[in-house]
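Visitor: Input: one structure, supplied below.
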Amino acid sequence: MEGPTHPKPSKDKTFSWDLIILVGVLLRLDVGMANPSPHQVYNITWTITNLVTGTKANATSMLGTLTDAFPTLYFDLCDIIGNTWNPSGQEPFPGYGCDQPMRRWQQRNTAFYVCPGHANRKQCGGPQDGFCAVWGCETTGETYWKPTSSWDYITVKKGVTQGIYQCSGGGWCGPCYDKAVHSSTTGASEGGRCNPLILQFTQKGRQTSWDGPKSWGLRLYRSGYDPIALFSVSRQVMTITPPQAMGPDPVLPDQKPPSRTVSPQLNVIPHPS
């Protein structure tokens, strides 16, 4: 004969309620960490990285909140190319590249378009295509058809390089010459950087999550093969350590009151009158 069914001890019910409360507290903490205050100020660093070489093309730090710290970023096209665009000898007049002043100058006058890799669109290909396998994948750039997008996170446009490009007598000069190599050339710049680019965040870029880096491909628009550059944009968020309060020096133990200095007494000998 089976014994009667007994209810669970009351302590089991208490444990169940304790577990529910604990889970609720953890969930609340998790929500709090995942959704920080929009007014919290952080030390925020934006980095543009050459995905082929791993070198940084730009690193800009600023203080701000997660909703307003979206600065304009400046970098040079050759910083995301490196030596990957140095054409072979089979292409004697390529009109692009970063290894010679004239190629940098010609490249400066060439249109380009940019395609996002974070969108994961199959028809646009992968890194080997610069995420621009077919027309229509481009979302920004500097071309005659002015590519644009309502959903991508950035725009990339050409900047303006100060300085002259042609000296008297027809000789070429200016910022496309590296001053470390051509110190006597008028207007030569550090590294011969004369292909400045300006990256700005769109409204969608200000609203998206930047928990990890996002990648793009840039291609020159030219006759023949359009060379590819790959870069990423990432954000690092660091909390600001509050300054420690400065107070009076701590009182040392066994301190005695300062001793009073006793002035020596002088014996005055009266003079006879």
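Every residue, even glycine, has its Cβ placed from backbone N, Cα and C.
Remember, predicted model here, so these are calculated numbers, not experimental data.
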Visitor: For C115, which disulfide partner does Swiss-Prot record out of C78, C132?
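Guide: Swiss-Prot lists the disulfide between C115 and C132.
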Visitor: Counting every protein chain present, what is the number of Cβ atoms, excluding its own, within 10 Å of the Cβ of C124 (disulfide bond)?
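Guide: Other Cβ atoms found within 10 Å: 20.
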Visitor: Which recorded positions from the set N43, N58, C124, C137 come within 10 angstroms of C115 (disulfide bond), judged by C-alpha positions?
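Guide: Close recorded positions: C124, C137.
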Visitor: Name the residues of the same chain, 6+ apart in sequence, whose Cβ is under 8 Å from the Cβ of C137 (disulfide bond)?
Guide: C115, R121, Q123, C124, G125, F131
